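*Asks:* Right, I'll just put the structure down here and ask away after.
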Amino acid sequence: SIKQSHMTYGTIHLVGNLASIFSIFSYLPGLKIMRDIILSKSSESYSLFPYVAMLASSSVWLKYGLVREDFPLITVSCFSLSIQTTIVFVFYLFARHRGAIHFQLLLCMLMVFPVLSYVRYSPNLDLAIEHLGVYCTAVSIVSYGSPLSAMSEVLRTKSSESMSLSLIMLNFITACLWLTYGTLVHDSNLTVPNFVGACLSCFQLGLICVFPSTKSAGSAGAADASKKSVGSLATV
């Protein structure tokens with residue numbers, strides 16, 4: 001019925017907006033790291049990989065959102081792209097050894113531009129969009145390599161000091177919201193990576209319960225956690 005249709009649209013709109021808002025909050029720890037780099041005038045103690053991965057992910061997800069005319073996805077992707085670009089620039093500005101950064105940026109371009117060109121010039125746009133969605137899903141799942149390494153560190157040290165409970169909870173809620181949104185709009189390219197993200201966040205929460213921090217995690221631990229915790233589509 002028309003009433004049910006309006007209710008469904010309202011639910012999709014609400015969940016999409018909530019997912020966008022929580023995603024934006026999940027990117028804010030990166031701003032703290034950027035501030036720390038500027039104050040210390042060095043980026044040597046941080047890993048650039050998570051941000052380059054998110055830069056590539058945001059680029060392809062933005063294209064996917066545009067061709068699908070998905071406003072929440074476009075909003076989050078644009079915000080993420082702006083944040084990650086700024087962070088990468090700050091990393092580069094204060095890096096002493098830039099060879100590794102050049103290599104990572106080259107990989108990022110190789111991950112993004114051929115795919116965007118394929119979608120732009122493909123004679124079969126519907127098929128290209130389908131392939132783009134699968135590629136976005138794969139990029140998001142691959143980006144979970146960073147939190148997986150953090151979890152292996154917790155298992156090795158028997159301590160969850162390097163993990164931030166609040167950030168993991170935020171990422172869990174964000175992933176669940178995108179999972180719900182993807183289900184409502186019948187888009188498996190949104191549901192699959194966020195289902196994986198939600199499961200990994202649950203596992204991280206389990207590790208925090210099983211291996212509680214042996215001492216109060218200070219600012220260094222929180223900063224480290226912000227680099228290693230699971231991203232939502234938010235790996236957008």
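Including glycine, each Cβ sits where the backbone N, Cα and C put it.
Per TrEMBL, the features are:
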type	residues	note
TRANSMEM	6-28	transmembrane segment
TRANSMEM	48-67	transmembrane segment
TRANSMEM	73-94	transmembrane segment
TRANSMEM	101-120	transmembrane segment
TRANSMEM	132-151	transmembrane segment
TRANSMEM	163-184	transmembrane segment
TRANSMEM	190-211	transmembrane segment
*Asks:* Is it the case that the transmembrane segment (163-184) and the transmembrane segment (48-67) have 3 or more CB pairs under 8 Å, with pairs at least 6 apart in sequence?
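*Replies:* Between the transmembrane segment (48-67) and the transmembrane segment (163-184), which are separate recorded stretches, there is no contact, as judged by 3 or more close Cβ pairs.
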*Asks:* Residue list, the transmembrane segment (101-120) vs rest of chain: Cβ under 8 Å, 6 or more residues beyond ends.
*Replies:* 48-49, 52, 55-56, 59-60, 63, 67, 88, 91-92, 95, 128-129, 131-132, 135, 139
